[in-house]
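Lifted from Swiss-Prot, the feature list:
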- 1-23: region 'Framework-1' (REGION)
- 24-34: region 'Complementarity-determining-1' (REGION)
- 35-49: region 'Framework-2' (REGION)
- 50-56: region 'Complementarity-determining-2' (REGION)
- 57-88: region 'Framework-3' (REGION)
- 89-97: region 'Complementarity-determining-3' (REGION)
- 98-107: region 'Framework-4' (REGION)
Amino acid sequence: AFELTQTPSSVEAAVGGTVTIKCQSSQSIGTYLAWYZZKPGQPPKLLIYRASTLASGVSSRFKGSGSGTEFTLTISGVECADAATYYCQGTYYZSASFGGGTEVVVKG
């Protein structure tokens, strides 16, 4: 098994600002990392897969980067609608793991 450590657990952002979320893996997983957005009462939404590929229909304000053990999700031009909890999810051989989540609070 492997672990994903996500930081910070919570972050406050101003509208128009930038948010950076980090995800560190205990094993090198290449680019097998995805990012999800979760809002209350809604299923998780895939934002990024293979570390940096934007999922269909997702705003280019979301950017994924990294490989191996260090990954980053950057949200630029933060909007009120970005208030949510964000998770990284990695795959290592047959095993999958999620980070602990980052709550993004948007102040307008």
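A Cβ is built for glycine as well, from the same backbone N, Cα and C atoms used for every other residue.
For the region 'Framework-1' (1-23), the list of distant contacts is 29, 33, 35, 66, 70-80, 82, 86-90, 92, 95, 97-108: same-chain residues at least six beyond its ends, Cβ to Cβ under 8 Å. Long-range Cβ contacts of the region 'Framework-2' (35-49) within its own chain (Cβ-Cβ under 8 Å, at least 6 residues beyond either end) map to 21, 23, 55, 58, 62-64, 73, 83-89, 101. This prediction places the mean pLDDT of the region 'Complementarity-determining-3' (89-97) at 95.
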